[in-house]
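K.L.:
I'd like to ask you about the structure that follows.
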Amino acid sequence: MSPSPTPRAPQRKTRTDGFPKGMGDSPRYRMRKILDRLFQIVSALAAIVVISPLLLIFVFLLSSGGSSLTWDFLTQLPKPVGETGGGMANAVVGSCILVAVATAIGAPIGVLGGVCLCEYGGPRLRAAIRFTADVLNAVPSIIWGIVVYSWVVLRMKTFSGLAGGLALSFIMIPLILRTTEDVVRLVPPAYREAGLALGIRRSQVILHIVLATARRGVVTGVLLAAARVAGETAPLLFTAFGNRVWASRLDEPMAALPLQIFAYAISPYPDWHRQAWAGALVLLALVFLMNAVVRILSKGKTR
Amino acid sequence: MSRSLPDPEGSAPASSRETDPQKIPAAFQIEELRVAFGSRPVLHGISLEIPARQVTGIIGPSGCGKSTFLRTLNRMHEFTPGVRIQGRVRLFGEDIYDPKVDPILLRRRVGMVFQKSNPFPTMSIQENVLVGLRLAGIRNRSLLEERLEEALRMAALWNEVKDRLHAPGTELSGGQQQRLCIARALAVRPEVLLMDEPCSALDPIATAQIESLIRDLREHYSIVLVTHNLQEAGRTADFTAFFLEGKLIEFESTKKLFTNPHQKQTEDYLTGRYG
């Protein structure tokens, strides 16, 4: 007779599900641990690579333009060639006006477009317009400059702040449309139904209930788009054109920070180069500020 | 609970009331109502008279079409793509699917409360209650104030919120939020109140409050209550309709339906042989 087997669990190196049996001392497990660690390190490095340019740019701008960033720079007009001093006050104000004009045109169109798309559009129309907006977002910004040049500048026979604002608004519209559509779609259908069930008209439901619920996201989208176009140069080259004095009206050429930086940077004068650095610093600070506002707004998001 | 619109008879047991649905004037008269979503029929010819100033419960297993039915009564299917509605629904004699009827005005006469409480998150308690009136263009301050208190008292919420009318509606507890939604619906002074499982997301205490509120509200409103909770129908409804697979199986006074159903399918459902 064969020895009667005492019933006991079979001794196995590995469990049937493929996990090693021990508590983590096998070579295979140690290898995995190392790989895991390595992945962490590589991710951290990538993060540093992403963040460091912003810090480097900021430090570099501070060292090159910080000394020129005086009160005069922010309050004085440019001095004629050869004279030192002077500032970019007109360009700072001009940039603010251009972004304001662009927002005034682009925000209502973009927001209403996004809302209508979401509330009234069928799925196919929505996909088509979303695709179009994505393509428009990828159009190089100088194209918008040319379009507005041929539509507006040639007809008005003058470069103008209005044309510059219009060119910027063309960049803003698809951006705002997409963000608006995204946040409006997040508003639960229950609120629309509740509004309709109260005998509220659909347009009122959309304006006062849906859009009100999504307003923080909508404002965030508008601000992000504004921050994006604040630094645009190409669409302004032959629309707003730039101006070395105050532009008092929207149908005159208007100064803008990116244009002024561009003009000063390619000039042969070291004093202008320093001012271009200072201008870049101001521009970066403006964009930084707008993004900070966006952060604060979206952080306060409840629910 | 304290309430300014007392209702001594409101809590009377259903048995002391009229028990024959035919003898009570109808709020809704529904004839051969058929609803299909695309090619999928959901309701197969429902004919039913919903009595006025009573609580009519609608019970049935999930997917039997009871919510679909409820939503035909205030034309909430309007924006559902591919929906087909046939048959006739009359509200106090008026065909609500007549092309001349404005669904907006219809919905001001037929209020609705949903399964999940959904106070508007951007609005205060007061704004939530008054939004229906405000967006209908009513600006008269004293009228709005009067309706605010009236609606909140009717919904048995006034005493709990009168000192914080400007707090966000979403700050309230679940049961309070549902009563806020009821107040919001009542503020436009509808004639009918449709309730789609209003207690299914609430705890037993909040449920009891809402159920007692429903019993009180029937003095002023015709109420249609969809519920998948049989006890709830038994406790709250004067009449109960049993739906199964898109058909109306039986419509009776709640007491009769629960104690002595005519149809075998009703009995099977009540004794737990379906879903």
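Backbone N, Cα and C define each Cβ position, glycine as well.
Feature table excerpt (TrEMBL):
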type     : residues  : note
REGION   : A:1-25    : region 'Disordered'
TRANSMEM : A:38-62   : transmembrane segment
TRANSMEM : A:91-117  : transmembrane segment
DOMAIN   : A:92-294  : domain 'ABC transmembrane type-1'
TRANSMEM : A:129-152 : transmembrane segment
TRANSMEM : A:158-177 : transmembrane segment
TRANSMEM : A:205-227 : transmembrane segment
TRANSMEM : A:276-297 : transmembrane segment
K.L.:
At a threshold of under 8 Å on Cβ distances, which of A:91-117, A:158-177, A:205-227, A:276-297 pairs most often with the transmembrane segment (A:129-152)?
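P.N.:
Ranked by Cβ pairs under 8 Å, first place goes to A:158-177.
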K.L.:
Is the transmembrane segment (A:91-117) packed against any residues at least 6 beyond its ends, judged by a Cβ distance under 8 Å, and which are they?
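P.N.:
For the transmembrane segment (A:91-117), the sequence-distant neighbours (Cβ-Cβ under 8 Å, at least 6 residues beyond its ends) are 74, 125-126, 129-130, 161-162, 164-181, 184, 206, 210-211, 218, 221-222, 225-226, 229-230, 236, 240, 242-243, 246-247, 250, 254-260, 279, 282-283, 286.
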K.L.:
So which residues does the transmembrane segment (A:205-227) touch in its own chain, when a touch means Cβ under 8 Å and the partner is 6 or more beyond its ends?
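P.N.:
Sequence-distant neighbours of the transmembrane segment (A:205-227): 99, 102-103, 106-107, 110-111, 114-115, 119, 171-172, 175-176, 178-180, 182-184, 186-187, 191-192, 194-196, 287, 290-291, 293-294, 297-298, 300-301.
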